[in-house]
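Trainee: What TrEMBL lists as region 'Disordered' is 1-198, 597-650. TrEMBL lists 41-56 with the feature compositional bias 'Basic residues'. Summarising the annotation, TrEMBL assigns compositional bias 'Acidic residues' to 117-140, 170-184. Annotation comment: TrEMBL describes 158-169, 619-630 as compositional bias 'Basic and acidic residues'. Annotation comment: TrEMBL describes 295-582 as domain 'SAM-dependent MTase RsmB/NOP-type'. Positions annotated as S-adenosyl-L-methionine binding site by TrEMBL: Cys387, Cys388, Ala389, Pro390, Gly391, Gly392, Lys393, Asp411, Asp438, Asp455. Residues annotated as active site, nucleophile in TrEMBL: Cys512.
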Amino acid sequence: MGRKLDPTRPKSGPGRKARKQRGAEVELARFLPPEPETGRKKLSSHGRKRAAKRRLGAGSGPTGRKRPLGRGGGGEPEPAGQTPRGRSGFSDGNSKWLAPAKAKKTAAKTNSVELSSDGEVEEGSWEMEEEDGSSEEMVDDYGASSSEEEELLPIEKAALKQKPDRGDLSEDDSEEEEEEAEEESSQKMGQKEEEGPDLQINLDIDEQFKLPTSEQIEKEDILFFCNPPDLHTIHQRIKGNMEVLQDFMVKREEGRTRQEYLALLRRDMAAYYSYSDFLLTKLMDIFPLPELINFLEANEVPRPVTIRTNTLKTRRRDLAQALINRGVNLDPLGKWSKTGLVIYDSSVPIGATPEYLAGHYMLQGASSFLPVMALAPQENERILDMCCAPGGKTSYIAQLMKNTGTILANDSNAERLRSVVGNLHRLGVTNTVVSNCDGRQFPKVLGGFDRVLLDAPCSGTGVISKDPAVKTNKDEKDILRCAHLQKELILSAIDSVNAASETGGYIVYCTCSIMVEENEWVVDYALKKRNVRLVATGLDFGKEGFTRFKDRRFHPSLKSTRRFYPHMHNMDGFFIAKFKKFSNAIPQAHKDEEPAVEAATLSAVPDTAVEPQPKKKKLEGSKADKEQKLPQHTLKKKQSLQAQRKPLKA
């Protein structure tokens, strides 16, 4: 329950443990010169207790220590820290008088002398008090009584009673006990060190990865529908499986194939990262296994918020200063961009600041800067943005053209064009015409452009961090449907460009997908169908496109295309290819090549996606040959019928 509060009792100051600790003044007293004695020297609580014990010991008989006299004699002790007359300092010869020969604790009241590890009294024990014969009550620095019994709690008194034997030990006995304790501790440490390697070996043996049996997998499948999976166990199994696959010949189990390990890894990653089995299979074909883990982890983290400065209205330096004054923490996007800023955190909504409403910047992903930079529009050109919504790339093109020339911003979705119109008005773009047409029919509507930007609709496998639903809602049909639409759009974009343009004749094709079917496959198809060639994108970073993928071989110039990944470039997954059109003529495909291309396309599409159409049987021979094969009575009937029809027609 604790002690009762006594309001009449003065404040006792710091607790017992706090007074035990040596303060700076005790340490400095060893080095500072002695102060002139202007009265009674103020001692610490323990110092007063030690002085009282020494007075009791001196008056008890011949066992008391003789005190060296000071200069004035009279039996007064010298001040604390001062050496006797004629001695320059402490030495082995005069150090014995600083410590008692034996430190005995005869009663609980005198149980205040504390021994150090080597049996000597703690520092500060040489502090003494003048003997004036008076039995004044010892008061500490805070005016409280120093009687220990009043301040001890019951549990502390019990602890003191449990250790009476320890107080009767001499210095030699305590030293012997301490040596024995040190020997025992060293022996225990030696045993632990000897056991350490064996324990480590056992851990290594236990941590060796083993494939679960088919029965264990079936049990996990049953429990998966009842309870959520143990993600920690799955994560540990993925790590162990990866280690085995990286050194398969050494770490694999006997009788187990690599396909079994890969099947388990795909199953575990699908459960841990919530992907469909189809999409994980596609990703495992694109990335090496260590890089695949990094890609999946990067998709769990959102990409940095980036903005593009609208140089039609302001400069990046001025915009950055204005946003910093509003409590926005930002930095330049990178050396490759002169207009981008990355936002780390903001005390105001970044999409509702006065600068945003005034059109000084546009919220835009870092990967969306790249297609416009690759297009490199020039002033006074005619440019087509075939799929323009929501208008970020269109406004960037107008910004680079300084509101000169003409931009045709087209999109097939009329609802999305509203955001395009709003952004163009807010950003001050005046050289853009907005249209709502199907991009596949665009060359019939209008053509002769200097440059065309095609940001084609895609499966969105590069922006999983923005749309996690892509993990599970995409299948083979969706990928092939997007690829078919992209092939139609890229041919339409190439036909809309004028190859005879003095400054242009370029087409930039980009997607926010990382699937080969939507990127390299479409580009390789365009190279075969039109008079175009691939040129450098002008981007200094990014990974080269595939020239071979599984059993497919693409054109060698696909090395000039660029891929961007979230785990490598900290931006959304993106693909960019730049074409140069060198002839307006459309090459005629040979009769032998057409069926081959159709067969290759149909072979990639599953049976559920495209139903095979029955082929029409070709007629063999001419009519005359058929008539010769007919029997004679049939021919006579046919001739008679023809003779009857002639007069009717006349």
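Including glycine, each Cβ sits where the backbone N, Cα and C put it.
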Trainee: Including all protein chains shown, what's the count of other C-beta atoms within 10 A of the C-beta of Cys512 (active site, nucleophile)?
Mentor: 23
Trainee: By DSSP assignment, list the helix, strand and coil residue numbers for the compositional bias 'Basic residues' (41-56), in that order.
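Mentor: Residue counts in helix, strand and coil order: 12 helix, 0 strand, 4 coil.
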Trainee: What whole-number Å value do you get for the CA-CA distance of Asp438 (S-adenosyl-L-methionine binding site) and Cys512 (active site, nucleophile)?
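Mentor: Checking the Cα atoms of Asp438 (S-adenosyl-L-methionine binding site) and Cys512 (active site, nucleophile) gives a distance of 20 Å.
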Trainee: Roughly how many angstrom lie between the C-alpha atoms of Lys393 (S-adenosyl-L-methionine binding site) and Cys512 (active site, nucleophile)?
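Mentor: So the alpha carbons of Lys393 (S-adenosyl-L-methionine binding site) and Cys512 (active site, nucleophile) sit roughly 14 Å from each other.
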Trainee: Provide, as an integer number of angstrom, the distance between the C-alpha atoms of the residue listed as 'active site, nucleophile' and Gly391 (S-adenosyl-L-methionine binding site).
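Mentor: Distance (Cα to Cα, whole Å): 16 Å.
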Trainee: Count the Cβ atoms, other than its own, that fall within 10 Å of the Cβ of Lys393 (S-adenosyl-L-methionine binding site), considering every protein chain shown.
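Mentor: Here the count is 24.
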Trainee: Which number gives the other C-beta atoms within 10 angstroms of the C-beta of Gly391 (S-adenosyl-L-methionine binding site), all protein chains shown included?
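Mentor: That number is 28.
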Trainee: Would you give the longest CA-CA distance, in whole angstrom, between residues of Cys387, Cys388, Ala389, Pro390, Gly391, Gly392, Lys393, Asp411, Asp438, Asp455, the set recorded as binding S-adenosyl-L-methionine?
Mentor: 20
Trainee: Measuring CB to CB from Ala389 (S-adenosyl-L-methionine binding site), give everything in the same chain under 8 Å that is also at least six residues away in sequence.
Mentor: Asp411, Asn413, Arg416, Leu417, Ser419, Val420
Trainee: Tell me which of the binding-site residues Cys387, Asp438 sits in the most Cβ-dense spot, judged by other Cβ atoms within 10 Å.
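Mentor: Answer by Cβ density within 10 Å: Cys387.
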